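To start, the structure under review is shown below, and the notes come after it.
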Amino acid sequence: MSSGGLLLLLGLLTLWAELTPVSSKDRPEFCELPPDRGTCMGFLQAFYYNPSQNKCLPFMFGGCKANPNNFKTLEECKRTCAA
């Protein structure tokens with residue numbers, strides 16, 4: 001196989017790996033935790049993974065001391081937890 005063909009194959013495999021969703025067996029355990037507002041009194045939009053709906057949802061975060069199922073962006077939540 002030529003070097004161009006190998007590069008194309010490598011590129012396709014990399015793309016496939018990036019687009020393959022997280023399976024439930026590979027999902028971190030903290031993705032199962034309920035949303036946690038934290039102990040501070042702020043009003044920041046954050047996202048958490050909801051396992052019963054199998055998707056990331058917004059919630060209001062107080063700004064500190066929450067559990068790890070707390071993401072600044074929807075994309076970060078999906079990349080980490082969504083299948």
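Here the Cβ of each residue, glycine as well, is placed from N, Cα and C on the backbone.
Per Swiss-Prot, the feature disulfide bond maps to Cys31-Cys81, Cys40-Cys64, Cys56-Cys77. The annotation domain 'BPTI/Kunitz inhibitor' is assigned in Swiss-Prot to 31-81 on the grounds of sequence analysis. Sequence annotations record features per position, and here Swiss-Prot assigns signal peptide to 1-24.
Shown on the structure are the features that Swiss-Prot records.
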residue	record	contacts (Cβ under 8 Å, 6+ apart)
Cys31	disulfide bond	Tyr49, Pro51, Asn69, Thr80, Cys81
Cys40	disulfide bond	Gly62, Gly63, Cys64, Lys65
Cys56	disulfide bond	Phe47, Tyr48, Tyr49, Asn50, Phe71, Leu74, Cys77, Lys78, Cys81, Ala82
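The average pLDDT the prediction assigns to the domain 'BPTI/Kunitz inhibitor' (31-81) is 96.
Under the three-state DSSP scheme, Cys31 (disulfide bond) falls in the helix class. Its own atom aside, the Cβ of Cys77 (disulfide bond) has 23 Cβ atoms within 10 angstroms in the protein chains shown.
According to its DSSP assignment, Cys77 (disulfide bond) is helical. The disulfide-bonded residues in question are Cys64, Cys81, and the one with the fewest Cβ neighbours inside 10 Å is Cys64.
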